[in-house]
Every structure is written in C-alpha cells, then in structure tokens.
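Q: Can you read through this structure? Questions will come right after.
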Amino acid sequence: MLQGPGSLLLLFLASHCCLGSARGLFLFGQPDFSYKRSNCKPIPANLQLCHGIEYQNMRLPNLLGHETMKEVLEQAGAWIPLVMKQCHPDTKKFLCSLFAPVCLDDLDETIQPCHSLCVQVKDRCAPVMSAFGFPWPDMLECDRFPQDNDLCIPLASSDHLLPATEEAPKVCEACKNKNDDDNDIMETLCKNDFALKIKVKEITYINRDTKIILETKSKTIYKLNGVSERDLKKSVLWLKDSLQCTCEEMNDINAPYLVMGQKQGGELVITSVKRWQKGQREFKRISRSIRKLQC
C-alpha cells in the first residue's frame, strides 16, 4: 500500500507515496545470495512490474529473499512507478532480475544482474529517488553484483535474453494537458458526473488500475450529477488502465487537484485531472466556468 505525504516513490509517475511501500523491501536487510536450492515458478500475470518480460519462469526464493509469490507481489508493486518514470530504459530489467530472476531448466545457478547494469540504473534513478528523500538502498549496492560475464544479466545493448528498451509509455487520456477555452471547459464539466478539488491521502495499484483515496477534509465539491454523498463518503476514485500509461500531471502527493469523472459500475472513474495551481490563468478560467455552470 502506498502511503501519504513523505513517502511516495514516484507515482505516475513520481510522488512520495510509493516509497512508503518500497521501504518494506528494504527491511530484508542485506541480501544473501547463497540461497537454498531455488524452484522454477511461472511468472504470474498479476506481477505487473515484470509484465511483458521475455521469459516465462522465475526462481523462488528470488534475489531479494522473498520465498513466496505473495511476498514478491506485495513488494514488487511499489516499484512500478519508478519504471514508469523512465529514469533509465533498463530499470525494469534490473528490478525483474531481482524480483523475478530468470529460471532455466538446465542451469542451477541463479543469474544475477551484472555490475554494469546496476551501475547504469543506479546512476540515473538514484537521483530521482533522492529527490523524494530516499537514498539508493544498501541491499541494491552494485558492488554486490558480479562483473560482466556470461552468467549475469547485462545492459540491453548486449543482451538477447531479456527485452530491449521499450517504447516510452503513452500519456493517460485523463492526464493529457489540453489547452481548452471556456466553452471546452464548460462542455467537459457538463459531460461528467462529478467535479472535485481534492488532495490525495493514499494510492494503491489493483491489477491495471490506480485506486486513489482522498483526504476527506480537503475535498471541495463543484458538481454532482447522479453521484450521491454516500458515494463520496467512500473517498475513493479510480484511474483506469493507468499502469499502461503515465500521468505526469499527478506527480506530487502534496498538491491539490481538480478531478472530473463519471460514475461507472458503482465506481467513480477519473476522466480528467489537473494539478490545481492557485493564481494560474487556466484555473481562474475554470473557477469562472464553474460559477456560471449551466448544463
């Protein structure tokens, strides 16, 4: 679970809440790479961190000491936002080589990430983590991994076992920056069921979606249509299919947001999100539009 202010790892990414979950990963202390004999297990479809990796089987225990798939799933989700931040094209490869190390039937030895792979990812991603107050964890220090050889996972340029650099993920439709005029804003407000000014308390990932829990005392209601006060008391909004796209618009857990959306199947689904910046011309226009809203 991703916790509120002061602990987000890089939500759509990047904001303090995910790092709160990442802390759980660091509590294993120093990893011991001399594990008992590993077993090959199919990579589950709900291991979103390694979705699309080009091998089917992983070793348990893994290189982080997780002995059950439940542990892997609980800890891996916190790192998805770091991958989506695209601080390095091989971030997923590096993390998956630890969370879900490749398992080959004819090889008993666990294949670790190469030292150079770790160094490259650390050099690019550690500053991103540091910006949110979290240092690169000791358990991932690159000196723990072997120098480049045939029995370690190298950078994409020389590796054929794991996928090469992926295309940059698309921007989530709800998070696209649209330069709307007043009429466009009015139309957007009218076609949605709710418009709220919110602050985020907590964020979690469920399957392909993002569940956003609101700070109840920091919520301003601008419009409700078919949405009851009871619906809002749940203080839960959803950003659908968000693990397949990025949302840089929503990358600060401490910022207020204007969100609009629709009620779908009993859930409040976000269709538009904008960071609320007091005094910004666009939000003055939005405020005027809300005050004279007539749908």
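Sequential numbering from 1, following the chain as shown.
Glycine is no exception: its Cβ is also placed from the backbone N, Cα and C atoms.
As the structure is a computational prediction, the values presented were derived from the model and not from experiment.
Just lifted these from Swiss-Prot, have a look:
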- Cys40-Cys103: disulfide bond (DISULFID)
- Cys50-Cys96: disulfide bond (DISULFID)
- Cys87-Cys125: disulfide bond (DISULFID)
- Cys114-Cys152: disulfide bond (DISULFID)
- Cys118-Cys142: disulfide bond (DISULFID)
- Cys172-Cys245: disulfide bond (DISULFID)
- Cys175-Cys247: disulfide bond (DISULFID)
- Cys190-Cys295: disulfide bond (DISULFID)
- 35-155: domain 'FZ' (DOMAIN)
- 172-295: domain 'NTR' (DOMAIN)
- 1-24: signal peptide (SIGNAL)
Q: Which residues does Cys114 (disulfide bond) neighbour through Cβ under 8 Å, counting only same-chain ones at least six apart?
A: Phe145, Pro146, Gln147, Asp148, Asn149, Cys152, Ile153, Pro154, Leu155
Q: Which of Cys40, Cys103, Cys172, Cys245 has the fewest nearby Cβ atoms, counting only those within 10 Å, among these disulfide-bonded residues?
A: Cys40
Q: Within the chain of Cys87 (disulfide bond), which residues six or more apart in sequence place their C-beta under 8 angstroms from its C-beta?
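A: Result: Val121, Arg124, Cys125, Pro127, Val128.
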Q: At the Cα level, what's the spacing in Å between Cys247 (disulfide bond) and Cys142 (disulfide bond), rounded?
A: 30
Q: Just checking, which of Cys50, Cys152, Cys190, Cys247, Cys295 (disulfide-bonded residues) has the fewest C-beta atoms within 10 Å of its C-beta?
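A: Counting other Cβ atoms within 10 Å of each of the disulfide-bonded residues Cys50, Cys152, Cys190, Cys247, Cys295, the minimum falls on Cys295.
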Q: Could you state the CA-to-CA distance between Cys295 (disulfide bond) and Cys142 (disulfide bond) to the nearest Å?
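A: Cys142 (disulfide bond) has its Cα 59 Å from the Cα of Cys295 (disulfide bond).
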Q: Test of understanding: give the count of other CB atoms lying within 10 angstroms of the CB of Cys118 (disulfide bond).
A: 25
Q: Cβ neighbours within 10 Å, counted over all protein chains: which one of the disulfide-bonded residues Cys96, Cys142, Cys175 has the most?
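A: It comes out as Cys96.
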Q: Of the disulfide-bonded residues listed here (Cys40, Cys172, Cys175), which is spatially closest to Cys118 (disulfide bond) when Cα positions are compared?
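A: Its closest listed neighbour, by Cα, is Cys40.
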Q: If you measure from the Cα of Cys96 (disulfide bond), which of the disulfide-bonded residues Cys40, Cys103, Cys190 is the nearest?
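A: Result: the closest of the disulfide-bonded residues to Cys96 (disulfide bond) is Cys103.
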Q: Including all protein chains displayed, how many Cβ atoms other than that of Cys125 (disulfide bond) lie within 10 Å of its Cβ?
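A: Looking across every protein chain shown, the total is 22.
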